[in-house]
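Per TrEMBL, these features apply:
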- A:303-324: domain '4Fe-4S ferredoxin-type' (DOMAIN)
- A:354-382: domain '4Fe-4S ferredoxin-type' (DOMAIN)
Amino acid sequence: MGETSINFAKASSAALQDQQLRGNFRRAMDGLMSKRAVQFADTAEWNGVRTLGASVRLRALSKLPELLEKLEANCTKNGIQVHWASTTDEANAIVLSIMQRVNAKLVVKGKSMVSEEMHLNAFLEKHGIESLESDLGEYIVQLDEAMPSHIIMPAIHMNTKQIAHLFKQKIKEAEYTEDVAQLTDLARRVLRKKFATADVGISGVNMAVAETGTLCLVENEGNGRMSTTVPPVHIAVMGLEKVVEKLEDVPPVISLLTRSATAQPITTYVNMISSPRKEGEKDGPNEIHLVILDNGRSGIYADEELRNTLRCIRCGACMNHCPVYTKVGGHAYQAPYPGPIGSILMPQVEGLEKRGELPHACTMCNACVEICPVKIPIVEIMGRLRSEAVHPGDAVRGAGSHASKAEAMVWKGWSMTYASPLAYQFATALLAKLGNAAPASLPLLKEWTNVRAKPRFANRTLHALAREKGIPDV
Amino acid sequence: MSESRNAILGKLRAGRDAHPLTPPESDFAVLRNKRWDGAERLERIKRMMEAVHTEFLETTEADWPADVQAFLTAQGTRNLLFGPATEAGGRLSSEWAASGMAGGPELIPYADRVETFKERLFDGIDAGITTTLGAIADTGSLIVWPTPEEPRLMSLVPHMHLALLRADALYDTFWQAMTENRWADGMPTNALLISGPSKTADIEQTLAYGVHGPKRLVVVIVR
Ligand code: SF4
């Protein structure tokens, strides 16, 4: 592992010790799972809309280069300026150059996972531009100088008390209160001033429609509308997979997204933005820029199997249902995208040398696959990445970087033992005789016995028992 | 930057052409088959929107300006932002002027560009009224297309948003509304679905209304 490698094992065991954190996650995820189940109680409807949603995403991927060109052409026709970025550095530079041209000092941001991927706030700060998160959850996380722990509910790891303390500590005019309505009102007062004075608004894109050159944005708070309407310049950033072919593809995807994410039939606001302010209109930005980011996605796209990762509509349902995520929370993944989707996306985007541990943060229970509204075979991809991590290959960057001689030898020994009846008999007989004598503190065994009883070997092997019953060995 | 454009598109094309993908047909039947009858549609819209704190005011074509005035007066609303150049705006200003109701809210026209109007908009306006293109039974959503006469911020910045909804402009699904009206032939600058007042659950999953946008959404049903 390189020195920038992320240590999930260490971070997750620290998270497991934190009772407060575990309680916060447990409560939130249990609630989300049961509410979501109510939204999809009609199985026939779920199957129908899910199949439709998956087909919309697959159709978009099947024509991805053409649809991106069409999106660009239609956006341009509508007056939206389109930019392309191969890397996050390039995307940041594009955003900065727009800001510098309009001499921007203050930016208000709606929630955008791609901007997290770009570490845009830190980048802008370095260049003297204040970039303020305006989604309440993101705002809380930003005040706390932390990272979001969930892609839909960024501050889900904190409870009201913790947020109350944070506000008191970080917001000048704040009085200590644990009343959620009052806390929300305080944020409203602070952020409204910023909306009114910001030079630029930044947003993500839930879906971009090639047919009409329309950017769709779903949200509950209205901060997305504020950020994309009040400042004179709007910059939208999106991963290149976010395109859909037709306007009529939007409703099924939004329905799957909002019901899977927060169990709402729809969000409070669905914004469809197709152009900057037109002649005669009294508000809205005078300029809209769309930054289309690759950051490794075109590499993912080239592989038939991994390509399915790009179907994702970022609903977060796989996290809410993942037995690993719900225990350790999002921060243990140390990534903008945590949970099952993060475990397959991050290694593909940032390379296995850095993120090769994440595909192991999985019990292979398949809960994410059952819940995924666009039917991504997450677990299959997880398995594929595990094997790419230890074998040379060219599909994913850093393939083979996690290869270990010791592990390879163990597997080799295992396969040789299983391939030879004689070796197998000898090994099992040995374990039946001596296995129980092995102390629980042995390396490798220790990690297991820390929290579980030591496995006990039977004193006779299955083969021996079978023989006694008159079943011959083959 | 066009270097990146060509590199990205070239890479995508090469990747796809080496391993083409045949997607399954998109079958929209699941959306096409969602149907409610007339009365049920409105009932459903009300039920769904009330569940997320939307309020309803029932009125008629003849009475709505007076009913809105009486409602806002009773609420102690100081003023109402409106679009003077719309037909609805015309009725509001002429009928409110004629009614002579004392102590009622003042009508404020959204007549200037936001640049000259921003301070007042953010700091001194209680309510805004807009028309809608209808509503959707499946999700309980209003369809709002801002225009030069009814700008975008009218339904966002004031603390209360009143939305006129004609009781005969109801759709079953979002998909039905957009396909029947051929939205794809020409989208406006900004098209919106609005399904309640602004809200958040970012603090420990506890719902709070009015985080950035309107704290109250009042749908004025006009029959
Ligand atoms: S992988 Fe599926 S369940 Fe997870 S966020 Fe993406 S779409 Fe949602």
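Even glycines carry a Cβ here, placed using N, Cα and C.
Counting residues 6+ beyond its ends, the domain '4Fe-4S ferredoxin-type' (A:303-324) has Cβ neighbours under 8 Å at 12, 29, 32-33, 36, 53-54, 57-58, 61, 113, 150-153, 206-207, 241, 253, 256-257, 260-261, 297, 330, 338-341, 344-345, 348, 361-363, 365, 367-368, 370-378, 380-381, 384, 395-396 in the same chain. Broken down by DSSP into helix, strand and coil, the domain '4Fe-4S ferredoxin-type' (A:303-324) contains 10 helix, 0 strand, 12 coil. Regional average pLDDT for the domain '4Fe-4S ferredoxin-type' (A:354-382) in the model is 96. With helix defined as DSSP H, G or I and strand as E or B, the domain '4Fe-4S ferredoxin-type' (A:354-382) counts 15 helix, 0 strand, 14 coil.
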